[in-house]
Amino acid sequence: MNDVAIVKEGWLHKRGEYIKTWRPRYFLLKNDGTFIGYKERPQDVEQRESPLNNFSVAQCQLMKTERPRPNTFIIRCLQWTTVIERTFHVETPEEREEWTTAIQTVADGLKRQEEETMDFRSGSPSDNSGAEEMEVALAKPKHRVTMNEFEYLKLLGKGTFGKVILVKEKATGRYYAMKILKKEVIVAKDEVAHTLTENRVLQNSRHPFLTALKYSFQTHDRLCFVMEYANGGELFFHLSRERVFSEDRARFYGAEIVSALDYLHSEKNVVYRDLKLENLMLDKDGHIKITDFGLCKEGIKDGATMKTFCGTPEYLAPEVLEDNDYGRAVDWWGLGVVMYEMMCGRLPFYNQDHEKLFELILMEEIRFPRTLGPEAKSLLSGLLKKDPTQRLGGGSEDAKEIMQHRFFANIVWQDVYEKKLSPPFKPQVTSETDTRYFDEEFTAQMITITPPDQDDSMECVDSERRPHFPQFSYSASGTA
């Protein structure tokens, strides 16, 4: 779509994701799916270039509700493999109808456009430009992946939206982590709408420190992501046992994380957003693997809708708490928090009371143990700046600014990417099914996958429900 135009604009009340107050925002909806909000109505081009909120309504799901306020509507979609929601309200039912109709019209137009692109691409499967969006049917015409093709070995994690299981592919003997999400949580049963799956980001990402996606497929009641399995355990697990890492060990892990985030930002134009120790795994050799296993730990029922407090609040950046637009700099805040934990043995800000915790994140100055070296203090101070524009990595140079910091002075970044640096710790795993570095709370549990009403194959997907997840299925070419 070459000509981007404003479809609708006006004032909306947006509810904060974390501090649940309502804030007036002036929103612009564009025909490319962009849905951007400002504190004041933008008067010129310069003001339009710095929105507080920046969302996409592409193939979103819309829900109307009268709670927690009358004339509320909710936009729900998948961001990577995590469900996100944004809540708005207006003064009258007519206003709500105007907004939801406009949003649905834009989403439908984008869906048609994508289908036309898909039709064009599917005619030339050898064209790699469209490979990330091809169905399994295109990659392997005679075969569709089903749940029956895996042995289910051990539970690796569990949450509100589903579970992560260690599986073995029967045909190849290869081990993977399968993330299984329940459709009923993602798609309201009484809504005929489309849910965006940004799993194409995972499909098309190739980086040594990012978890690769091997397959994604759906059954009539589940979405399944089959991902590379790193059995060196969570960094959280290792840090919990050792309490603190040396600066050299933290530097090694930090460099691999920076390399991966640089790739996502510069090559994929993606903000990871959810950097925390639990999402950092080690592979069998001790290298970092950033995962997307994110399962919401707790679900909070809020009125008529399921409002989920996803993620660990200790990692939230100030701009996220203030409900401002967050760009790439949010990932550098996350890097600051995890590196602080590694080198200091505790979180930079902590309080069991969430409101007090948020106040600390927004207001409290960072403190360091006396044992920390000057370069480490300088790095962490830069990464944990409250103002994202002043943060290390917050400028146009992004990751390059962090790479040039004196804490990383001895790091050769190409060597990092090529895994030429020796890991400071090598996991003592004896086999691919060795889960000693995973929480026994999960691995000791029996695996239960509730039997569906009919065979769990792609063919059984009810044609009425299948369109909820268009172009969801995927198979990586070659080996993951």
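Heads up, the Cβ atoms here are built off N, Cα and C, so glycines get one too.
For Asp274, the entry in Swiss-Prot reads active site, proton acceptor.
Per Swiss-Prot, the feature domain 'PH' maps to 5-108.
Annotated domain 'Protein kinase' per Swiss-Prot: 150-408, in sequence order.
Under the heading O-linked glycosylation site, Swiss-Prot lists Ser126 (among others), citing similarity to another entry as support.
What Swiss-Prot lists as O-linked glycosylation site is Ser129 (among others), and the listing cites similarity to another entry.
The O-linked glycosylation site annotation in Swiss-Prot covers Thr305 (among others).
According to Swiss-Prot, the feature O-linked glycosylation site maps to Thr312 (among others).
The O-linked glycosylation site feature in Swiss-Prot is assigned to Ser473 (among others).
Annotated N6-acetyllysine per Swiss-Prot: Lys14 (among others), in sequence order, evidence recorded as similarity to another entry. Under 8 Å, Cβ to Cβ, and six or more positions away along its own chain, Lys14 (N6-acetyllysine) finds Trp22, Arg23, Pro24, Arg25, Gly37, Asn53, Arg86, Thr87, Phe88, Asp323.
Note on Lys20 (N6-acetyllysine): other Cβ atoms within 10 Å of its Cβ, all shown chains, come to 12. Taken from Swiss-Prot, the feature N6-acetyllysine applies to Lys20 (among others).
Positions annotated as phosphoserine by Swiss-Prot, on the basis of a large-scale study or a structure entry: Ser124 (among others).
Per Swiss-Prot, phosphoserine is recorded for Ser126 (among others), and the stated evidence type is similarity to another entry.
Residues or ranges marked as phosphoserine by Swiss-Prot: Ser129 (among others).
Summarising the annotation, Swiss-Prot assigns phosphoserine to Ser473 (among others) and lists a curator's inference as the type of evidence.
Summarising the annotation, Swiss-Prot assigns phosphoserine to Ser477 (among others).
Swiss-Prot lists 451-480 with the feature region 'Disordered'.
When averaged over the domain 'PH' (5-108), pLDDT in the model lands at 87. Rounded to a whole value, the Cα-Cα separation of Lys20 (N6-acetyllysine) and Asp274 (active site, proton acceptor) is 20 Å. DSSP places the residues of the domain 'PH' (5-108) in helix, strand and coil in these numbers: 20 helix, 49 strand, 35 coil. There are 21 other Cβ atoms within 10 Å of the Cβ belonging to Asp274 (active site, proton acceptor).
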